[in-house]
């Protein structure tokens, strides 16, 4: 009856839906060719929303970024009739049946389209043939880093987009909304870096075999947080240098205390330097942290050398004092082992030790005759020079403890000046 026919028309579930291929006339066109094939290049607009910067690797010199990549172009072959002028939205299943731009990431190492729960692909077609194609992608790309100022450095990285097959004669790649085509999530943060800026730019790339291509750049500057490295590298190095100065206040005769302190600080500085180098790429130039750690290591090493000089001069002074006492008393209370420690000669018996108030050093005995002959031929000028050197040497020998006194002032002062110039130069 007429009433039953009318009810069937109102029931939309009984009407057979139109296929998207039939609505867009996909079977009537060859989508292996770009839109406007043979004519002017097709303009393809790009805009990007950066969702997150997942990681920055200094060792691999790369970064990982998750972003929404959107393409805009017009393909009149996809135009359709619409009374309400509304667009149609499709998922990734239609992508393989139409033409889409072949944009790829230059210098990328790894990239993938998210596929949970389905592929994160969206295609929106407007009645006049305008197309919006959106992807959610995670890409890892190279970043050419300069570590000469590490860890007080700022790294400039870029993600580059380009068409793989179509050069500038077939496809014109551009930023859809100019500088506003690049947007970022306000919650983007990194553990070691502070994001200073994001910017979009464009240029051309030339390949000798295929020609010129339009290339788009996503530029961002990363400034490293210094506080982590202050706690892990700089502050321990400062403490080790200051700890090595403690030996200047320890008595010069306390050999075990000063030697063990010097060796401990040297080994600790070596450990700090090894730990910093292990987390960095093996570059062929000097980094800022290397300068600081090596200078700090030099200060620690010089504090050990300083005590070696003090100990040596103290030994010589005590040897001369023992000689004077021996000449005054005419006898010695040393055995052969103690005598050898002072003059460097081996004594077989105690009689050998009693031949003189104190035995002359071996080398001095061997060269006594030659020195006497030379001294007789010296001119007055040479005598004055030797007298001056002798007086200076005598003052140093008699007051070798003054070296520690001067070291307490010189070492901290020079280290403070070094820190002043270092932080002023790199910050």
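These residue numbers are counts, starting from 1, taken along the chain as shown.
Cβ atoms here come from the backbone N, Cα and C positions, even for glycine.
Marked as domain 'Neurotransmitter-gated ion-channel ligand-binding' by TrEMBL: 26-225. TrEMBL lists 226-247, 259-279, 291-310, 409-426 with the feature transmembrane segment. TrEMBL lists 234-327 with the feature domain 'Neurotransmitter-gated ion-channel transmembrane'. Annotation source TrEMBL lists region 'Disordered' at 358-381. If you look up TrEMBL, you'll see 368-378 marked as compositional bias 'Polar residues'.
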Where else in the chain does the transmembrane segment (226-247) make close Cβ contacts, counting only residues six or more beyond its ends and a cut-off under 8 Å?
151-152, 192, 257-258, 261-262, 265, 268-269, 272, 275-276, 289, 292-293, 296, 299-300, 303-304, 307, 407-408, 411-412, 415
Average pLDDT across the domain 'Neurotransmitter-gated ion-channel ligand-binding' (26-225)?
91
Summarise the domain 'Neurotransmitter-gated ion-channel transmembrane' (234-327) by DSSP state, stating how many residues are helix, strand and coil.
80 helix, 0 strand, 14 coil
